[in-house]
Amino acid sequence: MRASGRHDVSLKIVLATGCLLLANFSGASSAVATECPDQSPELQPWSPGHNRDYQVHIGHGRKLLLTSSATVHSITISGGGKLVIKDHHEHIVLRTRYILIDDGGELHAGSALCPFEGNFSIVLYGRADENILPDPYYGLKYIGVDKGGTLELHGQKKLSWTFLNKTLHPGGMQEGGYFFERSWGHRGVIVHVIDAKLGTVVHSDRFDTYRSKKESERLVQYLNAVPDGRILSVAVNDEGSRNLDDTARKAMTKLGSKHFLHLGFRHPWSFITVKGNPSSSVEDHIEYHGHKGSAAARVFKLFQTEHGEHFNVSSSSEWVQDVEWTEWFDHDKVPQSKGGEKISDLRAAYPGKICNRPIDIQATTMDGVALSTEVVYKNGQDYRFACYTRGRACRSYRVRFLCGKPVRPKLTVSIDTNVNSTILSLVDNVRSWRPGDTLVVASTDYSMYQAEEFRVLPCKACTSTQVKVAGKPQYLHIGEEIDGVDMRAEVGLLTRNIVVMGEMEDRCYPYTNHICDFFDFDTFGGHIKFALGFKAAHLEGVELKYMGQQLVGQYPIHFHLAGDLDEQGGYDPPTYIRDLSIHHTFSRCITVHGSNGLLIKDVVGYNSLGHCFFTEDGPEERNTFDHCLGLLVKSGTLLPSDRDSRMCKVITEDSYPGYIPKPRQDCNAVSTFWMANPNNNLINCAAAGSEETGFWFIFHHVPTGPSVGMYSPGYSEHIPLGKFYNNRAHSNYRAGMIIDNGVKTTEASAKDKRPFLSIISARYSPHQDADPLKPREPAIIRHFTAYKNQDHGAWLRGGDVWLDSCRFADNGIGLTLASGGTFPYDDGSKQEIKNSLFVGESGNVGTEMMDNRIWGPGGLDHSGRTLPIGQNFPIRGIQFYDGPINIQNCTFRKFAALEGRHTSALAFRLNNAWQSCPHNNVTNIAFEDVPITSRVFFGEPGPWFNQLDMDGDKTSVFHDLDGSVSEYPGSYLTKDDNWLVRHPDCINVPDWRGAICSGRYAQMYIQAYKSSNLRMKIIKNDFPSHPLYLEGALTRSTHYQQYQPVITLQKGYTIHWDQTAPAELAIWLINFNKGDWIRVGLCYPRGTTFSILSDVHNRLLKQTSKTGTFVRTLQMDKVEQSYPGRSHYYWDEDSGLLFLKLKAQNEREKFAFCSMKGCERIKIKALLPRNAGISDCTATAYPRFTERAIVDVPMPRKLFGAQLKTKDHFLEVKMESSRQHFFHLRNDFAYIEVDGRRYPCSEDGIQIVVIDGSRGHVVSHGSFRNAILQGIPWQLFNYVAAIPDNSIVLMASKGRYITRGPWTRVLEKLGADKGLKLKEKMAFVGFKGSFRPIWVTLETEDHKAKIFQVVPIPVVRKKKL
């Protein structure tokens, strides 16, 4: 096939006339030669034959045209020499150990205007252990393009990759052809008439021969009217025999049926025949008795169209019995019985929940460890089973049963027009994909290993956007947008007509340490390397396979310290790599090393070891990765970041002796796109499966390797992000995208034993010109899609990192935005996401396979699906961490918790020791298919959350600016037991384990020097019985410890320690505005003396200036008085408390943690007496310094009615029962309030308000005097018995009510704990129904019982895991 360029030239020659033709002929020939390098008249034909010892040197201006396949030792092209590959029908294969191009040498196959149309392969051969001296720069088995060298490889123009446009189902079902399925409501004999020439359904009809004999007559008429030669598929659904007369039975027998004559009641029956050819018939018939179990009659037959293409017709007539597991039942009082346990006893204990005759049984210990079970006796209703652990009968365990559902009919008719083949429907025109080409279809599930290869087949019937491929898919590959997220599988082309490949051995051999410990195949492939000063390099339409070596520097394509590769470097046209297929590689795909301005476009990288698209040392900038696809990226041995856990532990030669690997910290980072400098462009790229991460922006504090000194320290951490637009990441383990971490830029040493380039901590803060003293320049991430990533959709740490119009779905955690555990690294910056969508569990349920990590129930419909990590892993949309974070105009869809799986749209980082910024905020949040109970979750002790006792776990908080999350505009949401931010009017949200509060909040950082193992106790003076204990954020090995509580401003606090107070500490005022203050009393031993000063510390400039001193006063009131440069402290030696008033003196930017002048601090040096004891002054501080709890910022009014965006909502419930004393008078006060409507209690006893749990309306209210409670409690029993199920029941006491007696049993019926003991005051939120909601609450105290909380409406029981 000739190039289009040649056709154009020929056409011009034909159209020319006379002298003009003759005059232009030589010019046209010159154009051909320019565009098609093999047409140059200066070329000499060259056919060197096959000689492995022939060392070819093409120089001194020789210009050769390779016309046939050849085998040589090596080829060196230099000194103006040129080698061009002839483009003709013969497949040319050039085998050589290496090709070196330098000093004006050139190698050409095709050109940009005249693509190579034939087939040309370069095969690089040789082993690493052949005792051949490697080139000191290029090594072995290479194409090297050195100074002055030119490499031009231009293959056919073919589409590089596209997307599926229709979903592929496992086994190819529903792909092409015809699919028909029915159940109830489609009774009778179902007939399909199929055109045998085309394999298409011509007509179909249903004949209800159960209902009427006339339907039998119509069936006979219908069959008689079908022309001979047509295919008939006939089957019964449900029942078709009751009014089936002999005429119809005989008509079917005439067609070839042997069983229709004897069709009985509800018998499954399927039949396929060709009209007029009874011998072609296939038939299946089952006599079905009873209503339990499954039965199926299935037939299929293979046919051939007039075009010679095969199609398969199949039919099944079935009775199907679905099964499901019951919930788990606790069985802690197991009777000892020789004959086993009777299931009837369990059914009596759990009425309506266990079937009579289970199909299977499972048992576990109370901790979830599987136990053995055995059915020991079945006879009628006497069904028994036994449970064993280590050969002995179980004493206490959990058990569940597999029960069959009622049977249902099912009829299926399908025509598979692609027998052992599949039609792929694609987005783009794929006419350039030819029969014999190989494609790869990416996984759209969590496992990257669900990527599948297919070979293209001829297909006359395919449209321009379809191809037929051999075989059937094993996995589900999505080809559509699901729940608003584009999850279409990428489809990449792997084969090209120009191939560069390594010749490989059958198995691994050791050419470097440990290589055969990790790989059983040969990994010593070929490689292409471009050095500084090459003349030109343009590769397109090329396939690279079996390339790369597990040696540093030997990669499939490697630009090595080549400098600027675009116009800035004098390259015209600029260097590019495009339309390449790089697959089955042994070390990366493309490496950009110390090179800038390279265009990498339309490249497919598949099945590689180590990072695929790789930037190496840190100074690589202005490179553009446009429309590149990487998938199936596996770990390699080269760098710590390439290695998996096993490699990390075994390969320790590059570490210092004594190094103990920590794989998840030091290694485990292999990524599809590894960006060592943010100033590169990624546009329209897809990271479709890596063992770790899709896109990882990593930071080199200084350049590494041979690039040392190319920028100043910290440059890469401050350079603005290049374009990051319309990229996607899925099927990765750790994350779809990460911006975080750095690499260790020093060699291993006794001080730091980790290997060079291990993963370490780093922070990103983009500024103009990479100068932190210049304005910030946010990193903008637009139109990013992340789905089916097992851990994170994205983990982004900044600096200003802003996301806009992004999509996240089916990730373990959709998004974590982080700044710094102590301070934001770039104070004044924020992380932000807006106009984005988060989906918890989409309609992409994945494929249930043996190798699926996790398969379990979904949250909304409880149907099976693949899950990201574990069945009980708490799936989260956005995870709050550090701050400040702004979430604006985002939609959360399909987040639904199960009992045992705490899924939520908004949540917090698990096991968090670090700070939580009170200025983290949300606004204009929308929820779709998210129960209100699953909007937020603050955590509880248990799996994944552990004890929930780390400092950050206890101080989590965020600001709901418009009430779109909580229904309380302007409120703050906090953990329910964080009394440093609570006030008396806060409203509990039991489902969230949180509370809705109002107030003005900031943070106080307390740094205790020369002591890292102190436990701090901080108490807010208005809630002295609710201290907060903080362990400190830092490890015990540090020289100081830091505590970071969120506090309410304008309040008083005391601070205590579990050991002797620290002799030196600093208190930082964080997120304080000018004039904000708190009063603090710090516990010290008696006899302590103090030196206290204040200063301002500029963290950016690392400058500190003293601003004042504190002098002692003997009057507590003087602590309130302060003057510029002079403040007071009060040392109350009786209580052991040092009192200070901490007040911010300077203005603060909106998102800054510290003031514009720096961080305001108070430093305390204490001279402690010897042998001082524990510094806990709680007993002497309270009640002396207790303050009355008041609400400084009133609670916002709850949104109602049309203000709410969802049908489910919160019902505000307030109840109080208290005793108040005014001098010698006593007043009992009680009320119940529902959504602002108050029901006062008028007499001693109890008052009840009943609320419809479906709509939230009060349906009744009443009171029961003490006389009734004590004398005739049956009135209360009857009242409660008459309350409809699914009702919320509120109850409050007033006065001296009766606290004991039979009436209290109603509390237990409404969800209160058994054996409760009531005190003088009681408030109760109960529920009448078949389950106990988490929000059932009983408060009972001697003086005051109070409940302020919300209840979700409608009340819905969570499904069990």
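Every residue, even glycine, has its Cβ placed from backbone N, Cα and C.
Per Swiss-Prot, the features are:
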- Asn119: N-linked glycosylation site (CARBOHYD)
- Asn165: N-linked glycosylation site (CARBOHYD)
- Asn312: N-linked glycosylation site (CARBOHYD)
- Asn420: N-linked glycosylation site (CARBOHYD)
- Asn889: N-linked glycosylation site (CARBOHYD)
- Asn921: N-linked glycosylation site (CARBOHYD)
- 595-617: repeat 'PbH1 2' (REPEAT)
- 719-741: repeat 'PbH1 3' (REPEAT)
- 798-819: repeat 'PbH1 4' (REPEAT)
- 1-30: signal peptide (SIGNAL)
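If you look at the repeat 'PbH1 4' (798-819), the same-chain residues 6 or more away from its ends with a CB under 8 A from one of its CBs are 446, 482-487, 736, 739-740, 763-766, 776-792, 825-826, 829-842, 844, 868-869, 873, 875-879, 881-885, 909. Listed in sequence order, His91, Ile92, Asn497, Ile498, Val499 are the same-chain residues six or more apart from Asn119 (N-linked glycosylation site) with CB atoms under 8 A from its CB.
The helix, strand and coil residue counts that DSSP assigns across the repeat 'PbH1 2' (595-617) are 0 helix, 14 strand, 9 coil. For the repeat 'PbH1 3' (719-741), DSSP puts the residue distribution at 0 helix, 12 strand, 11 coil.
Every protein chain shown contributes to the tally, and the Cβ of Asn889 (N-linked glycosylation site) ends up with 16 other Cβ atoms within 10 Å. Listed in sequence order, Pro884, Ile885, Asn886, Ile887, Phe958, His959, Asp960, Leu961 are the same-chain residues at least 6 apart in sequence whose CB falls under 8 Å from the CB of Asn921 (N-linked glycosylation site).
A Cα-Cα distance of 48 Å separates Asn420 (N-linked glycosylation site) from Asn889 (N-linked glycosylation site).
Across the repeat 'PbH1 4' (798-819), DSSP classifies residues as 0 helix, 13 strand, 9 coil. Cα-Cα distance from Asn889 (N-linked glycosylation site) to Asn165 (N-linked glycosylation site): 30 Å (rounded to the nearest whole number). Distance from the CA of Asn312 (N-linked glycosylation site) to the CA of Asn165 (N-linked glycosylation site) is 24 Å. The secondary structure of Asn889 (N-linked glycosylation site), as reduced to three states from DSSP, is coil rather than helix or strand. Each of the glycosylation sites Asn165, Asn312, Asn420 was scored by how many other Cβ atoms lie within 10 Å of its Cβ, and the smallest score goes to Asn420.
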